[in-house]
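According to TrEMBL, the features are:
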- 98: active site, nucleophile (ACT_SITE)
- 100: active site, proton donor (ACT_SITE)
- 98, 385: Mg(2+) binding site (BINDING)
- 100: GMP binding site (BINDING)
């Protein structure tokens, strides 16, 4: 993902490059071809080297402070659409949508409801201690994309290379010391055979579960709270049983209708009303686009929600509506036929020869869907919030274009636009460059200076993490690498955005071009330059 951190990285590179240029002007020759030149290799005694290092440090500090205002003039637009793969909307004739967290967004009250209902099910049906009722939902505890080690009962953040980000491993509500994590995993790498299956589930001997769904936030928090209770009270328990019981309780909140009934009874409390959802659908309809809805939610629940956010005529906007689709099975299982749902929610037994506009269908499968509609390939764009259940099969097996709805993106971009974040990231990148260049000073005094810089760098990384989430940091990055979540997002989504409303800022013929960012072996040719056109900027949106 292109962020203000990219600009900060470029600014850091410019600061280091300026220092490098100063050294060359001081009379040092060019590096031999094929060898990376250190920033400077000041000769002399150790005290001279120490003074020299701190002079370079202070000079880099000044240059960083001078660069921050220019970065502040190029803030990112939180309502932009970002591209992983080139795609032109002029090629898209059919738009498909998930329902939950795609067409409709929920208030913060919903996760509290799910947490409380699942917690009560643990107590009433699974015989867990009533004392766990004292734990309340904390919306600031977990983020999406985390992995849970079922056997060890620890929650953690893993990067795109299967490395655990130290400092983000939690047992219960307490962080696990780095030394213990390294001992537990014989390092910080999680082997492929221990990772979750394709859909993020723990199965077939895999010990990890990845939480990719927005609805999984209360599940992670509940797991951590019950773990915390058992640990604090020295209760011996089987972590595998706890994981299964919590998973089943969260599932039952959905399947037993607890969540659906609560939302329908107080729709204004739980659904965030937004006229922009109707505006997006109306814009597409006005341009002759076909639209369909495929959701796992039940018919009456979807109907009431769509009536609230779109209007009682919402079905007129859609050519096909499918409920209780059981994604991702819908995309893979060829055996389940469609069934009609009448106005009273009763399932009909008629054989389906055509998917009719205004009619609601249940179950079915994508292969039958394609046969009945003829909607195939890259002319279809489907939007969803779940990277695996909504998008993965469509792009890998069926050639549809895909759009990921990532609500967290807007808040993270707003954080990245703050002066404190930009100042921190710019200096962090500059300091990293200094460490890389100055490590050639091997005398004891210089190494002490470098150790101080490393300590400062570690503290700044922790500060950067806390900007987003005190426990786990950003959804998209570990300290330096993309997260495992972002790796899957980049693979399975052609475009991604904070909400469907972002489409209102783009013409229906707009082409999305992914930004060409330098590969590591291309960096020498790029590192001294920073393009100001690396992402959709806030000023550009305001100018429109």
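Just so you know, glycine gets a Cβ as well, placed from its N, Cα and C.
Counted within 10 Å of its Cβ, the other Cβ atoms near the residue listed as 'active site, proton donor' come to 21, all protein chains included. The residue listed as 'active site, nucleophile' sits 8 Å from residue 385 (Mg(2+) binding site), taking the Cα positions as reference. Counting every protein chain shown, the Cβ of residue 98 (active site, nucleophile) has 24 other Cβ atoms within 10 Å. When the alpha carbons of the residue listed as 'active site, proton donor' and residue 385 (Mg(2+) binding site) are compared, the span between them is 8 angstrom.
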